Amino acid sequence: MAEVTFDYENLQGVEGGLEDGDLDGVRPRLKEAVDGLLGDPPGFMRLPKTREYAESSVSLAEEIRGSGATDFVHVGIGGSALGPMAVHRALNHPYYNMLSGEARRGPRVHFAENTDPATLSAVLDVADPGGTWVNVVTKSGSTAETMANFLVIRGFLVDALGSFGYQGRTVATTDPEKGFLKEISEREDLRVLPIPADVGGRFSVLTPVGLLPAAVTGLDVGAMLAGAAQCVDEVQEQGPEHQAVVGAAMHYLMDTQRGRNVRVMMPYADSLERLAAWFVQLWAESLGKEGKGSTPHGAVGTTDQHSQVQLYMEGPQDKVIEIVEVEDHPKDLSIPKAYEDLEGVGYLGGHTMAELLNVECDATRKALTEAGRPNSTIKLGAVNEENLGYLFQALEIQTAITGDLYGVNAFDQPGVEAGKEITYKRMGRPGH
Ligand SMILES: O=P(O)(O)OC[C@H]1O[C@H](O)[C@H](O)[C@@H](O)[C@@H]1O
C-alpha cells in the first residue's frame, strides 16, 4: 500500500488562510469536475492499470541491460524528460553513474535535454560508443531541441559503430500514429515504444517515457503503477472528498480568493528536488492560460531555509508553501558526540541526520503557520516506487481538476508555439 497523505490543516483557520465557507462555495463545481474526470477519463487516468506499457518497457530494458550496455542516453525535453529525471533522482543512488559493478543496476544514465552544447559534449566525453544506447523521446516527433541532440548522438554512434550498429542501439519513444520520429523509426527500423496519442507529455511519466528509463536502472515499475492505481481507486471511491481532489479546491481558492498565486513545492529530501521540477511543468503548462493560473516554484528543505524562507516568512503574502515530508529516509547517519563543552555544537551529538532534517521540516512548518503564512504538507512514508507512483497520479488528478475549476483546458499549451515558430523561421525550417 502506498503511504501518501495530503494535509491542508494549515491552509484553514490560520491568518491569511481559508474559511469553511470558502470551500463550501466551490463544492458543487468540485463534484462536477471529479464526475467529469471519472465519467470521461482523460488518457492519463487509464495508465496505472495498463499493463502493456510496463511489459514492453521492462522487456526492452532487459535486452539493454543484457547487452552489456555501458551508457543509456535519454534524449527528450519538457514532459519527455522531467518525469524520468524525477524518478531517477528520487529512487537511484545520487552518484549512480559513479557506482560500479553490482552496486549500479544498469548502464550509466545521461539526460540530453537542453540544447546547450556543453552538456551534450560532456555526455559524449564520458559515454563509451561501444556500449551506448540512445532513447530518443518526443511525443510530437519533431521538437527542435530533442531532434538536434538526437542528430548529434546519432552521428557519434554512426561514426563509431556504422549505420547498422547505430540502428541496433536506438529506441524511438514517440506517438505510434504520426510524426517525423515515427517516420525515421520506420526508415531505419528502430525499436519503438509508444506514447499514447491521448496522453500529453507532462502526464506521460507512467507510459514508456518514464517506465523504460526506470526499468533500465532496475527499478520496480510494477510497484510504481500499483501506487498510481491505488490513487485512481481511491478517487473513484471518495470522489470530491479525496485528499488530492480537495487540494485542487484549496489551491484554486488560495489563488482566486486569497490572492496567493505562487505555489512553492518544498520537499525536505534532496532526492525529491526533480519531483518539484516535474510538478512545476505540470502545474504551469496546464493552468497558466487565459490570464489565469498560479506560479509553481520548486525549493528544497533545509537548503532553501538558508536562501528563500526569509521571503516566505516576511515577503509578500502571495504564496502557499507546500512542504513534502518524508517519514523514513532511505539512509540515516548518527551524529557522533563531540565538542560537548561547546553548547552551539555539542547538542547535535547523539541525534541523527534524518532526525535533524525532519525536526527542521516541522520547525519551518510551525514558524510559517505562526507567522500567518498558509502552508500544506504532503507526507510520504518513504521515497519508494509505490509512493512516487501514487504521488504522480495524485498531482496529475489535482492539476486536471484545478484546470476545470479555473475553466481552462489543462491539456494544451498554445502559449509555447509563438517562440517555436520564430525559431523555425530563423533556423530555416521549410514552410515556416
Ligand atoms: O515530447 P515532445 O513532443 O518533444 O514535447 C516536449 C515538450 O515540448 C513542448 O514545447 C511542450 O510545451 C511541452 O508540453 C512538451 O512536453
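Counting begins at 1 with the first residue displayed.
Yeah, the Cβs are placed from backbone N, Cα and C, and that goes for glycine too.
Some features that TrEMBL has for this protein:
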| type | residues | note |
| --- | --- | --- |
| ACT_SITE | E285 | active site, proton donor |
| ACT_SITE | H306 | active site |
| ACT_SITE | K420 | active site |
Identify which of the active-site residues H306, K420 has its Cβ surrounded by the largest number of other Cβ atoms within 10 Å, counting every protein chain shown.
K420
I need the CA-to-CA distance for K420 (active site) versus H306 (active site), whole Å please.
37
Cα-to-Cα gap, the residue listed as 'active site, proton donor' vs H306 (active site), nearest whole Å:
29
May I ask which of the active-site residues E285, H306, K420 have a CB within less than 6 Å of any atom of ligand 1, listed in sequence order?
E285
